[in-house]
């Protein structure tokens, strides 16, 4: 053996590639377009059988039996993590709350719909400390019911049962959340490089007076909502009230729902800070192998029960923290409060001259009592004038408070599950709620011959290929796979606010809708405008493909309903407004983010892959669907014909590409210097990015003409049917 070698054996393989030690492509070229978000949940990571259907599995579940087991778990205290006052309800509610509470309306990402709390970064966020214990307590139930019950559904159901076990009549529960199998890559949690970074820190999520960066809702990296100690850890209830209002609004909650959720969430359970935070070990992702996925383990003792440390605040909000009552408002409104420090050194509010009967029995010793506590956010419910009015109303009418909370809790835990048609189980409420974006069911069928006849009428209506395709696209492109909102079903493109969105070219849109409405009225059979819009796009694509020499039938399944204005919450739908659309080569204005990055974000929300994005952009260009009829990226002399010309000319070395302005390029003939075409960044990225160029070259090949058409049709159909949950 070489004497210079260490006595420790060398690694038998080329190490580094499977760890964080190795540099990846984005480290070397940080400005490169990262396509990973389009391929994050493919079948390679999913261990389920190809034929596994979670909806069918859940529908075979004995939900009542699961709830009985959960009820039993609530009071079955385990020595390794004892229940506060013998009841796990507060812990389970916090777990469910923090699972759902990451949702934000701006992009629909986050939320409870995927079970993402099991993975980094959420499993190791400071605000999720000790929720790893809640999930381990649930493991015997998950193990028992197996694939019939996802982690995502179980976590929310556990929160629901916890409330019911403590006396709240909940509004209902729906299953249907399918688990993911590895961390999500598409969610932007902020650009800070440290947990709980204060406002003035580099890469702050705030600008101006206190403008929170879109699409974020939480005030700090690693928090679900607001800082419980106050803005940047400095107690000031009125400043905190501003943060609370912004955060909850970005979760689709109004002031009344905000007060109800704050009070209802703090009616039960407690904060944990009876110890020193520095005694805790790393979070789960930073722990050693022997910790087996647990984190925040106390290095100087058990650190459980009465001695647990989580947020650092210490105490319960109410006198009876294992029962649903109106005690939160009784204490908040009837006592004056003063700032104190918890044993862990956190700022919290405690009552002055509290009556003995209003104190809280100690978790560790039933013969001792302690003051209840309030966070800075709780004090905001008293100090902010609007929140105070609502708090007073809830205090005077406990039944009303319970009803508002139950509905708000249902909304919180189901907001990202999508429309009611996706709900599963026997406890789905009968009521249609406006935030569920209801759509009327249809009562007609169309056979193949009727569909052919309708296509002919649409093509003879006087509308062009580009008008039909663009309108169908605009109707469907609002779909978000994050929270299953938007899409062509409902034809809300006819209604406010969508009919007036700049992205939808209102003048052109009204022309098309007028023709379609007149056609609908002339039919002897009822057909929805939603179906006619989609069918018009299909007919136009078939015509364009035929003119390119390819015979193809675009799949079409009728069954879309037409929503009414009364079914449409204008404010709620405003967040779906497109501010950019690479597929139609448009953006409302220049943004800090590059157009191609915005294209990836929109593509991911629509559930498309990189090659589907590629073929759709190439097809939309030659079909002449650019916003306002611009010619950028229309690399063809046969506009309206579904050829692969976009890719043929993009990859042709007879041309040179030159910048000609902001997001504008000229395609110049190398020999003559003549300008042949113009293009935007989202056109040229398909020739610049090495991965996208590989797809572009494949579609530019001489043998790809038919494949291009068929791939375009497949991707198009995927977009048109993205919100057809009835077809699943």
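From the backbone N, Cα and C atoms, a Cβ is placed for every residue, glycine too.
Going by Swiss-Prot, these are the annotated features:
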- 98: active site, proton acceptor (ACT_SITE)
- 266: heme b binding site (BINDING)
- 1-22: signal peptide (SIGNAL)
- 94: site 'Transition state stabilizer' (SITE)
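In sequence order, 131, 134, 265, 269 constitute the residues six or more apart from residue 94 (site 'Transition state stabilizer') in its chain with CB-CB distances below 8 Å. DSSP classifies residue 98 (active site, proton acceptor) as helix under the three-state reduction. Neighbour count (other Cβ atoms within 10 Å of the Cβ, all protein chains): 25 for residue 266 (heme b binding site).
Residues near residue 98 (active site, proton acceptor) in space but far in sequence (CB under 8 A, at least 6 apart, same chain), listed by position: 117, 127, 128, 131, 224.
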